[in-house]
Structures are given as C-alpha cells and as structure tokens.
Amino acid sequence: VAYLIIFHILFVLFVWTYWKSIFTLPVQPGKKYHMSYADKERYENEERPEVQRQILAEIARKLPVYTRTGNGGVRFCDRCQLIKPDRCHHCSVCAICVLKMDHHCPWVNNCIGFSNYKFFLLFLAYSLLYCLYIAATVFKYFIKYWTGELTNGRSKFHVLFLLFVAVMFFVSLMFLFGYHCWLVSRNRSTLEAFSAPVFQNGPDKNGFNLGFVKNLQQVFGEEKKLWLLPIASSQGDGHFFPMRALCEAQNPLLANEEQWEDDGIDEEPH
C-alpha cells in the first residue's frame, strides 16, 4: 500500500508538471516594445545602419532595456519588429520572441522561457525521482533473477527491460537536472551560459547574479510552500530583471563612498 501511494503521488506530479510544461505558452513582449507605425516606417526607409541604430536608441530610452548587441546597439528583432527586452530571444521554431528564453525543448515540444521554466525544472526533478523509485523497487527482482530464483521467462525480460530503461533515463536526467540547477544558482539561462549577455559596459556572464537565495526566488518565488508545486510563482513579469550592477549602484554604502570621494576632491586645492 505504501509503495502504491508513493508511486501514484510521483506519477501525478510527473504528469502534472509535464502537462504544465507543454501547455503553458511562452510569453511574448508587451505592446510597448513593439514599434509604432511611424517609427517602423522611419526605420525601414532609412538605409544608413548608424542612423537606424540611433532610431532604435531613441525608442529604447523609454524602455527598461539594458542589454546590448555585440557592437553596442539596441537589440532589435527584424522578424517580430520589436525592441527585445533583456534576456528575450527569438525562437526560430516557434517563430516568436520569448521572454527570458532558455531553449526550445523537443521533449515537451514547447519553448522553455519565463512562463514555464519553473514547471520544466519540476518536471525534470519529478522524472528523476520517478525513475529512481522504479529502479529501486525493481532492483530486488533483478537480484532474484541474478541468483536464479525467477523461473518465469516473461518476468525475466520485464525486469531487465524496466530496470535498464529506468537507470538509463535516471542517469541522463541527473546530468540535465544538475546542469539546470547550476544555471539557476548563477541566475543564467542556457543561452546566456553559451553567450554572455552584453551590457553597456561590455559582456558580463554574472550580470544577473544576485546571490544564491535571490536567484532561487527569481524562479520559484518567495513563498516556499509553492516551490514544489507546478503553480506559477516566479518573480516579475519577464520584461525586467534585477541586475547586479544596478544593485551595487543602489547600495547606500557604495553611494556614501562615492560621496566621500567627491567631498575629498572638493577639499583639495586647485
């Protein structure tokens, strides 16, 4: 009875998280990031690249956009005709711009981003526990098969096949889940792990790293009772994310140090 209860709990959580990962549609940028008709016409009629970058810079001044392209320009999607928010990328499979895009997952046939990244992590975690539970409960029958206590030929095949599949998926999911846990602890996406985001001061792979606890809260939220349930609890709306540089600039201790330096400069003789 205990085995059945644990099995059905893991199975329900596994199916629930898989369902949420599939049918939670990726969130697209809001209307304020889309170019108006006048700006779009002015941008398309301009042939000089430097002037086009100035037009995008003028539009982006009204938006909370801090990341840039490799050459320092504002990130713009020609296919969606919008200014890309920070950590937003265009998915060629979904043909849309996805907020905080991590990757396009073929296993769930959906884009993993801000709206369903928590569900995807829980799906990996419960899949890992599910495979571990199956392998642990079947292992004793594998020992009986090894010692010759199992006489039924069909049961031998079932035990070997089930144990092999469970262990194979467990090992592969363990590496994948561990990698994403490392990404969450550093507050990075899969795309940012391969290509560091570029800020106004240059590329910085730790630009969104706020510390281990705050990084977890970015994905799972502040209410710990919702962390293990596939219920939306991520912080923010996906358009703006706190950055380490801004947090350091708003630190009152650092601000006082800058003020002391300014006072010291004023007291020096010319």
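Glycine too: its Cβ is placed from the backbone N, Cα and C atoms.
Counting same-chain residues at least six beyond the ends of the transmembrane segment (6-27), those with a Cβ under 8 angstroms from any Cβ of the stretch are 91, 94, 96, 98-99, 101, 105, 108-116, 119-120, 122-123, 126-127, 129-130, 133, 230, 238. The transmembrane segment annotation in TrEMBL covers 6-27 (among others).
Residue counts for the domain 'Palmitoyltransferase DHHC' (75-194) under DSSP (helix as H, G, I; strand as E, B; rest coil) come to 70 helix, 16 strand, 34 coil. The feature domain 'Palmitoyltransferase DHHC' is assigned by TrEMBL to 75-194.
The feature transmembrane segment is assigned by TrEMBL to 119-139 (among others). Sequence-distant neighbours of the transmembrane segment (119-139) (same chain, 6+ residues past either end, Cβ-Cβ under 8 Å): 3, 6-7, 10-11, 13-14, 17-18, 20-21, 24, 102, 105, 108, 112, 159, 162-163, 166-167, 169-170, 173-174, 176-177, 180-181, 184, 219, 228-230.
When Cβ-Cβ distances below 8 Å are used as the criterion, the transmembrane segment (159-179) is approached by residues 121, 124-125, 127-128, 131-132, 134-135, 138-139, 141-142, 145, 150 of the same chain, each at least six residues removed from its ends. Per TrEMBL, the feature transmembrane segment maps to 159-179 (among others).
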